[in-house]
Structure formats: structure tokens, C-alpha cells
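Student: My structure is below; once you've seen it, I'll send some questions.
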Protein chains: 2
Amino acid sequence: MTSELIRVNEIFGPTIQGEGALIGQPTVFVRTGGCDYRCTWCDTLHAVDSAYRDEWCPMTPEAILMQIEILSGGRPLMVSLSGGNPAIQPLGDLIDLGRGEGYRFALETQGSLAKDWFSRLDVLTLSPKPPSSGMATDWQKLAECVEAAGPDTQTVLKVVVFDEADYAYARDVAERYPGLSCYLQPGNHTPPQAETSDSSIDMTGILERMRWLVDRVTKDQWYAATVLPQLHTMLWGNLRGV
Amino acid sequence: MTSELIRVNEIFGPTIQGEGALIGQPTVFVRTGGCDYRCTWCDTLHAVDSAYRDEWCPMTPEAILMQIEILSGGRPLMVSLSGGNPAIQPLGDLIDLGRGEGYRFALETQGSLAKDWFSRLDVLTLSPKPPSSGMATDWQKLAECVEAAGPDTQTVLKVVVFDEADYAYARDVAERYPGLSCYLQPGNHTPPQAETSDSSIDMTGILERMRWLVDRVTKDQWYAATVLPQLHTMLWGNLRGV
């Protein structure tokens with residue numbers, strides 16, 4: 001099999017998934033390098049900014065799966081594909097190879113690019129970016145992502161919320177897709193800088209914004225929403241590799 | 001309809017479910033009074049110790065549903081039945097009444113008492129108590145609970161883990177029911193006392209034990225487990241009513 005190479009920023013785990021639909025579940029992360037977005041509050045600049053391109057290793061699907069198997073001890077588990085925007089990488093062959101060995105695959109993307117191999121994922125998290133990101137949503141592209149995933153993939157929505165405008169955006173997204181579960185996540189106001197190893201976070205602020213979001217949702221009687229913090233940030237701060 | 005009265009310790013919400021399978025989902029809690037267990041680290045003594053029996057209000061299913069409807073603004077959501085051990089209360093009529101209005105019901109119990117109305121729940125969380133609780137598990141009763149819930153109720157396991165003996169117990173429980181999802185939850189070493197309004201918690205300790213449990217599970221390659229903290233304890237400490 002000849003495959004295109006995948007640009008990999010880091011492969012780590014197993015640890016637990018810290019957010020969204022699979023929160024608490026053991027997983028190995030494959031973080032790809034490169035992104036078509038530049039969110040103001042990006043928390044993975046090392047996988048986004050092309051200044052770090054030298055750190056992104058071109059790998060074959062076979063080499064990535066070998067690394068996953070080493071980390072997991074050869075025992076299949078959920079593999080989380082993230083980025084950057086992993087949808088810009090040719091991940092179809094990796095998914096097929098891994099599934100053949102019993103691994104499952106989840107992918108998170110902003111929904112700016114649809115791929116036919118979304119339908120071979122177990123879980124697709126579409127995380128369109130709210131106004132505070134500075135990015136504009138292409139609703140047609142988002143619809144194409146939902147369409148590409150199809151009926152055999154569990155597709156869910158996740159929206160990061162920093163403020164009221166983001167909250168209104170989240171409601172809009174959820175109303176467009178009443179059949180999809182919608183996860184709300186308070187934003188991290190102190191994202192890591194790519195150049196520093198300082199992993200400290202503002203725990204008081206995180207808890208405060210989480211309480212605000214719970215209050216906002218329940219006052220609004222938006223009972224179909226699920227509100228979850230980034231557990232990994234609470235447990236390990238902005239430390240990488242956990 | 002003539003119904004038996006239900007002993008209610010508190011009804012509150014909507015807030016989010018802080019633990020287990022429904023973590024992050026908006027819910028109203030109905031906490032019943034009375035329990036057949038006396039766990040050493042009980043965090044709801046006010047709903048367990050019969051010294052507080054005067055605080056448990058006998059209510060009809062209709063009165064409870066009315067209170068749920070007031071709190072939820074009449075918009076159906078998930079109702080979480082907890083205790084104490086809610087399985088000792090006659091909750092079947094409440095569930096039927098509420099479902100008729102569109103409400104859904106989840107119940108958490110240690111699994112010491114099976115009821116036929118378990119099959120009318122949406123979610124049944126069986127939380128058998130590990131060695132550190134000082135309680136002994138009646139495996140036959142636990143099996144009867146799984147049986148009573150049947151195929152139409154989503155039944156999950158949740159085990160609180162304080163130490164290695166508890167962890168071994170959790171593995172045993174999960175192996176008995178490979179078809180059920182198993183949630184692991186680090187224990188709260190500083191549970192609230194019934195007599196005090198002090199809601200402070202040991203956040204550093206909670207995070208430390210959560211990291212230990214994640215490490216324990218991943219080192220053990222127990223990838224089918226889900227590890228989640230008590231979010232409400234992190235957000236609101238031991239405060240009641242949230």
C-alpha cells in the first residue's frame with residue numbers, strides 16, 4: 001500500500017480524553033500539524049503555527065499505527081485524532097489499518113473541510129468556532145461534514161464558550177442540528193504559549209466560568225446541552241503529553 | 001390514584017449531573033431519605049442517618065412532580081433520583097407520572113434491592129460499594145437489579161475508588177458484567193459532615209487521586225473503564241443544593 005504521508009506533531013497516551021462526548025475514556029492521541037484557522041485563543045499553537053513546521057514529522061499510516069500499538073501495549077482502544085485541523089491530513093488509510101486491528105477512531109475538527117473517510121470514524125466531533133475566535137463559520141462546509149460522516153459515525157457538536165456572543169452562537173449551531181448532541185465547554189482564558197514550558201493555569205477562573213455556563217444553560221432551560229470543562233486542563237494544567 | 005408516600009430529603013436544580021454516565025447534563029435531583037447501608041465515607045449523611053428523619057418529608061408522587069415542574073419551568077428534562085438509597089422508596093408511580101409529561105428518569109443505587117419499576121427508568125446506575133466503605137456486597141441482589149432493569153433501561157456500573165483494594169473490587173465488578181459500561185470515581189476523602197455548613201474541600205487531594213486513578217487504569221490497560229471525578233464537588237465543594 002502506498003499512502004500519502006501524515007504530518008504528525010505528537011503521539012501520546014494512553015491518558016483519558018479530557019473533554020466532550022468521550023470524556024474520561026482512555027485514549028491515545030495523535031495530534032497532526034497544520035491548521036486552516038488561526039483562533040485568537042488557540043491552545044495548540046505548536047500544532048498550528050507553521051513556524052513550528054519543523055516539529056511536524058511526516059509519517060506513514062503504518063508508522064503511526066506502530067507507535068499507537070507500542071503506547072497501548074497492543075491492546076485496542078480509542079484513538080483520538082486532533083490537531084491543528086486533522087481533516088487537512090490524509091487519515092483514511094490510518095483509520096482503515098487501525099480498525100483492522102480493533103482500534104476505534106475519534107476525530108475533532110472545526111468543520112471547515114469534509115472528507116469521505118469521516119464515515120469510517122467511530123466518533124466525529126464538529127467544533128465550529130464562535131465569534132471570540134475571530135474566525136467566520138462556513139455553514140455550507142459544516143453541513144458537508146455532517147453529511148460526509150453519515151449514519152454509521154456518531155457525530156456530535158462541541159462549542160467553546162467565552163462570553164455571551166459565543167453562547168448565542170452555540171445556541172444557533174445546536175438549533176441547526178437538533179438531532180446532534182451539543183457539548184458546551186468554557187474557554188481557557190490562559191492558553192499555553194508555544195514558546196514556554198509554563199503549564200500553570202487559572203483554576204479559580206476556570207471553575208468560575210464553568211459555574212457561569214451551568215447557570216446560563218439552566219436559566220435558559222437549554223436542557224439538551226451538556227456542559228463539561230476541560231478535565232485535562234484541571235488535572236495537568238497546560239502540560240503537554242498527558 | 002392512591003400512592004404510597006415517598007420520603008424526600010431534598011429536591012433541587014436544575015443543575016448539571018456531576019458524575020457518571022450523565023455527567024454535564026442538566027437535571028433536577030430528587031434525593032430520598034433513608035438507606036440500608038452505612039458507608040464509612042458517606043457524603044450524604046443527612047439523607048441516610050435516621051437522626052435526620054424529621055427532615056425527610058413524606059410526599060405524594062403528584063407533589064414531587066409538581067415541584068420538579070416548578071424548578072424546570074415545565075420543560076421536561078432528566079430527573080435524577082438519588083439518596084440515601086432511593087430503591088427503598090416506592091418510586092414507580094412518580095416515574096410513570098413524570099414520563100407521561102415527557103420527563104426522563106435516572107436512578108443511582110448500591111444495588112442491594114431490586115424493584116420491578118427499574119425497567120421504567122431511562123438510566124440505572126448501580127454503584128456497589130467497595131471494601132473501604134465497610135459494607136459487604138450481596139452479589140445475588142446486584143444481579144437481581146441488573147435483571148430487573150431489563151433491556152429497555154440503560155444500566156451502568158459506577159465504583160468509587162479510594163485505594164488499591166477498591167480498585168481490585170472495581171475490576172471484579174466490571175468482569176462480572178462485561179456488557180455494562182463501568183465508571184470509576186476517585187473517592188472524596190473530605191466528605192461533608194451532616195452537622196456543619198462548611199463546604200470546603202481538599203481540591204489538591206481530589207486532583208491528585210484523580211491523576212492516580214487515571215494512571216492506574218492506563219498502566220493496567222483497562223481501556224473499557226471511564227474515569228471521572230465528581231464535577232459538582234470541584235465546582236461547588238460540599239455545598240448542598242447545587
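Counting begins at 1 with the first residue displayed.
Using the three backbone atoms N, Cα and C, a Cβ is placed for every residue, glycine included.
Unlike curated entries, TrEMBL annotations are predicted automatically.
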Student: Check TrEMBL for me: it has A:I16, A:Q17, A:G18, A:R31 binding substrate, so pick out which one of A:S82, A:S112, A:S119 it puts in that same site.
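Tutor: My reading of TrEMBL gives A:S82 as the candidate in that site.
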Student: A:W41, A:C42, A:D43, A:S127, A:P128, A:K129 show up in TrEMBL as binding S-adenosyl-L-methionine; which entry in A:G84, A:G179, A:G205, A:G241 does that record put in the same site?
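Tutor: Site partner of A:W41, A:C42, A:D43, A:S127, A:P128, A:K129 for S-adenosyl-L-methionine, according to TrEMBL: A:G84.
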Student: When you rank A:I16, A:Q17, A:G18, A:R31, A:G84 by Cα distance to A:C42 ([4Fe-4S] cluster binding site), which of the binding-site residues ends up on top as the closest?
Tutor: A:G84
Student: Measuring CB to CB from A:I16 (substrate binding site), give everything in the same chain under 8 Å that is also at least six residues away in sequence.
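Tutor: The answer is A:I23, A:G24, A:Q25, A:P26, A:T27, A:L231, A:H232.
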Student: Sequence gap of 6 or more, C-beta under 8 Å: which same-chain residues meet both conditions with respect to A:T44 (Mg(2+) binding site)?
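Tutor: When sequence neighbours closer than 6 are ignored, A:T44 (Mg(2+) binding site) has A:N9, A:R31, A:S82, A:G83, A:G84 within Cβ distance under 8 Å.
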Student: Nearest to A:W41 (S-adenosyl-L-methionine binding site) by Cα distance: which of the binding-site residues A:Q17, A:G18, A:C35 is it?
Tutor: A:C35
Student: Look at the binding-site residues A:C35, A:C39, A:C42 and tell me which residue has the greatest number of other C-beta atoms within 10 angstroms of its C-beta.
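Tutor: Most Cβ neighbours within 10 Å: A:C35.
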Student: Can you check what DSSP calls A:S82 (substrate binding site), collapsed to helix, strand or coil?
Tutor: strand
Student: Less than 8 Å, Cβ to Cβ, versus chain B; work out which of the binding-site residues A:I16, A:Q17, A:C39, A:S82, A:K129 satisfy that and list them by sequence.
Tutor: A:I16
